[in-house]
C-alpha cells in the first residue's frame, strides 16, 4: 500500500505573493507533507483575485521550509512557456531542494494562455493533449543531461543541454480528468493528479483502473505512481461559515463547457456569481463535524488515492490549518 501523504493547496488565485509563502510555511509547521500551487497568469475572478508566479513562490517556500514536497498543480508547459525552459527551471529547483520538487502538468485553459499572446481559436483537447505529451518527452530527454536535438510537431531544440540537473531528473505528475489521460499518466508519469467532487464512478471505474493499466503496460508497478487528489474541503466548527467560505471559489462550479473559451477574469467572475450557493458548495466537502469530514475524505483513500492535498476556500487559512491539525489530521493519519 502506498504511503498516505497529506498536502496543502496554496491558493494562488486568492492570496498575494508574500501571504501565500507564509501560508506554506505555516502548512509545514502544522504537519503537512506537501504544498502545491496552481500556475495561473490570471485568476478565476477579477475582484479580490491574485496570480503570483508559481516558480518564484516555490523557490521562496523552498528557502523557508525543510521537508515539504513542493510542486505545481498544475502548470501548462505548452503555450506561454517553452517546455525546455520549464525543464531548466525545475532542474534548478531540484538541485536547490533535493528530493522535494515535482512538476505537475496539465493541458491548459484559455484563461491563462490567450492573454499572453495565443492567437486564434482555443485548441480542442486533441491538440492540447498532443502538445502535453510532446513537452513531457522533451523535458525527460533534457533531464538526461545530454545534448538534445529535438524535432517535434510543436517544439524544437538544437544542441540543447541543461547543465544542472539532479540525479534522476524531476518527478512529473500528470493531471487527468478522464481515463485517456489517466492511462497516459500511469505510463509516462511519476504521479497523477485529479480533483474531488466528481462522483465515485469516475475514480473507481475510470481514473484509477486506467492509471493502473497505463503503468502496467509500461512495465511499472502501479503502486509506485503517486496518486494525488486535490480535495476541496470547507471545514469549520461554524457550519454557516463552512458553507459561506465556498463562495469565493464559485468559478470551480462552472462546467468545462461553460468555461472552455472564457479568457477574461471579469467574464469568469460574472458567470460564476450567477450560480446559487447550493450549486457552488456541491464541489466541496462542507462539514463542521470532524468525523463526518474524515469519513467523506476516506472514500477517496478507498478508491485508491494516497496523496491527499487539501484545498480550503476561506480567507482565514490559518484558522483552517489550526482546525485541520487539531481535528482532522489525527483522524486522517489513521487511514494510512
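Each position is counted from 1, following the chain as shown.
Note that Cβ sites are derived from N, Cα and C of the backbone, with glycine treated the same way.
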Record-annotated substrate site (Swiss-Prot): member among 212, 227, 283 besides 195, 198, 259: 283
Candidate sharing the coenzyme F420-(gamma-Glu)n site with 39, 107, 108, 112, 177, 178, 180, 181 (per Swiss-Prot), from 65, 66, 76: 76
Output field, substrate shell: CB within 8 Å of site CB centroid, site 195, 198, 259, 283 dropped: 197, 232, 252, 253
Distance from residue 195 (substrate binding site) back to residue 40 (active site, proton donor), taken between C-alpha atoms, in Å: 17
Greatest C-beta neighbour count within 10 angstroms, which of the recorded positions 40, 112, 181, 259: 181
Binding-site residues (107, 195), the one with most neighbouring Cβ atoms at 10 Å: 107
Alpha-carbon spacing, residue 107 (coenzyme F420-(gamma-Glu)n binding site) to residue 259 (substrate binding site), which is rounded to whole Å: 14
In three-state DSSP terms, the structure that residue 195 (substrate binding site) belongs to: strand
